[in-house]
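Asker: This is the feature table in Swiss-Prot:
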DISULFID  Cys27-Cys42  disulfide bond
DISULFID  Cys34-Cys47  disulfide bond
DISULFID  Cys41-Cys64  disulfide bond
DISULFID  Cys49-Cys62  disulfide bond
SIGNAL    1-19  signal peptide
Amino acid sequence: MKVLVFAIVCSVLLQVVLSADEEARECIPTKHDCTNDRKNCCPGHECKCYNTQIGGSKKEQCGCKKSLLAKAKNFGGKVITIFKA
């Protein structure tokens with residue numbers, strides 16, 4: 001009986017871990033809203049937020065943007081490609 005309960009608990013925990021892992025893989029692409037999920041932007045991107053005033057009420061709007069490090073890597077790669085040609 002204890003073995004059966006242990007097996008069921010392990011099965012449930014495994015399903016929870018796998019479903020959490022699948023959710024983590026679905027990242028938010030560039031220029032999409034990340035207001036409610038700020039830590040799930042795709043690698044090389046970060047959630048940047050701006051305070052806007054629409055119709056007299058202040059609202060925070062966030063979007064996934066390329067990080068400064070990702071921009072520098074992209075620019076460096078282009079410069080190296082130019083000099084190799």
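Keep in mind that glycine also has a Cβ here, set from the backbone N, Cα and C atoms.
How buried are these features, and what lies next to them?
Answerer: Look at Cys42 (disulfide bond): DSSP puts it in coil. Of all Cβ atoms in the protein chains displayed, 15 besides its own lie within 10 Å of the Cβ of Cys42 (disulfide bond).
Classification of Cys47 (disulfide bond) by DSSP places it within a strand.
The Cβ of Cys41 (disulfide bond) has Cys27, Ile28, Cys34, Cys47, Cys64 as same-chain neighbours under 8 Å, each 6 or more residues away in sequence.
The Cβ of Cys49 (disulfide bond) lies under 8 Å from the Cβ of Thr35, Arg38, Glu60, Gln61, Cys62, each of which sits 6+ residues away along the same chain.
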Asker: What is the Cβ neighbour count of Cys34 (disulfide bond) at a 10 Å cut-off, with all protein chains included?
Answerer: 22
